[in-house]
Ligand code: FAD
Ligand code: NAP
């Protein structure tokens, strides 16, 4: 046990508890630099999405001696909060305020534009820090594994979402929106985000979108879109749908659209509803009402005037994307008809029957997938996660993980927050028990930034990000939007480095 450290930790913790949180931050700014620059535990976090920021926040609050650096691949922070969350859900992005407080804490530094695994290895980070936390999310996507998946007109939801949210490598996607029917595969919340955006160019809703941070090129493309009908296809039944009630309600109330369900998909559902847990029961009741009930006068009027439609399709799995022979573009999708089999888990089983649905656009929204960023790390390729126990990476002392790379690509920001706090707690337990040795003096960012300089990599600091933020906000103001995002890494670096 490092008693000297324990003493200084306790002393500061007591000091800290006498102050308010903000005073604590201030106090550490003055005393922290001098007291801890050489002997304090140095931790780095890889990735600046919710996983990274919540881990950092918890460590900084609970351990007044920890110094923490965040390394981020892009020049801009916040991960999927910036590049995933739908533009018409601006309230979700308020978490950025909390993340900003953490980033500006005197014991936290942000280094954007650093691609860990390419610009610096995990081993180099392990040398420089007492502990490394991998919170780099899930930047890949599951693939359907069916013929025709690579045809023009087929897109991964990850890329489509990245395109309307200004993710630099999706800038050139230019999705072809010239067809009437779009099919989305998968029935999670991402599928519903995509459906809402595809159906947006209608009257008031496009006006509303104009007041969000959706990119201008996406807005212009959507305004020209010919898509009139969106089918959201699931391999299992209504009782297994993966999205949540709030998102279904948004679909039901989406201006200018009407639902187009198949009553047969809901056969027998009412009878089993009484045994279903309450949240799923309410969600299913909403679908039943939408699919089966005769609407009241007002709703009838609304549906009559609708120019676009959407609907769930159940018990269907993709078999093949079919091409129009002349253009070799997507012309239809062949779906296998499934039945359900319950063996503990309810799974879809093929019946042998297939059906073709005419469509010019297919968006595969069957889940994200974490990638291996450094060959020296353990990786479970089946689950696409880093194998860990409460955030402690197996057989890799001193290295932890949080966020989607720890759990797999499911869970809202609040779920990610909880799993990240757990990881921070595991690390603190290890510091206290001595399982994580924090006695040696470590160089931290000093050696890493020197190394990066030698490799020609110029990190973007949080103050640099604030310059980008300010340019984006100003550009947005001119258009009545909260921001107009810079769309390329080059543009971002140019602003950051002037
Ligand atoms: P991410 O947010 O992806 O952050 C990972 C970070 O790591 C990124 O900044 C990435 O650039 C960085 N990184 C990757 N590789 C490297 C590397 N090699 N070196 C350095 N940095 C790297 N939840 C809600 O509560 N509400 C919503 O409305 C909502 N909408 C969503 C919409 C979409 C399309 C998606 C996919 C998810 C949504 N979620 C929503 C879920 C939420 O976004 C996740 O729970 C959360 O972002 C996961 O956090 P993370 O930090 O693990 O991953
Ligand atoms: P998800 O919720 O896991 O949904 C994935 C969908 O793809 C499911 O319908 C799943 O069906 C289907 N699927 C998976 N593999 C398939 C295959 N091989 N063939 C056919 N279908 C397949 O994932 P997501 O939509 O990507 O969302 C990720 C997380 O982010 C979720 O936790 C979500 O709640 C969250 N999120 C939240 C919001 C919000 O709060 N507004 C918005 C977006 C995302 P099965 O069930 O049959 O596997």
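From the backbone N, Cα and C atoms, a Cβ is placed for every residue, glycine too.
Residues annotated as domain 'FAD/NAD(P)-binding' in TrEMBL: 42-199. Residues or ranges marked as FAD binding site in TrEMBL: 72, 80, 116, 404, 411, 412, 413. According to TrEMBL, the feature NADP(+) binding site maps to 187, 188, 189, 190, 235, 236, 247, 411.
Location within the structure of each feature annotated in TrEMBL.
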residue	record	DSSP class
72	FAD binding site	coil
116	FAD binding site	strand
188	NADP(+) binding site	coil
235	NADP(+) binding site	coil
411	FAD binding site	coil
For residue 235 (NADP(+) binding site) and residue 80 (FAD binding site), determine the Cα separation and express it in whole Å.
26
Inter-residue C-alpha distance, residue 411 (FAD binding site) and residue 189 (NADP(+) binding site) (nearest angstrom)
10
I'd like the Cβ neighbour count for residue 235 (NADP(+) binding site), meaning other Cβ atoms within 10 Å of its Cβ, all protein chains included.
22
Minimum Cα separation from residue 116 (FAD binding site), reported as the residue among binding-site residues 187, 236, 247 that achieves it
187
Binding-site residues whose CB lies under 6 angstroms from ligand 2, from 72, 116, 189, 235, 404:
189, 235
For the domain 'FAD/NAD(P)-binding' (42-199), what's the mean pLDDT in this predicted model?
97
With DSSP assignments reduced to helix, strand and coil, which class does residue 404 (FAD binding site) get?
helix
Neighbour-count leader, CB within 10 A, binding-site residues: 190, 412:
190
Which one is it, among the binding-site residues 72, 80, 404, 412, 413, that lies nearest to residue 188 (NADP(+) binding site) by Cα separation?
412
List the binding-site residues 116, 236, 413 whose Cβ sits under 6 Å from any atom of ligand 1, in sequence order.
116, 413
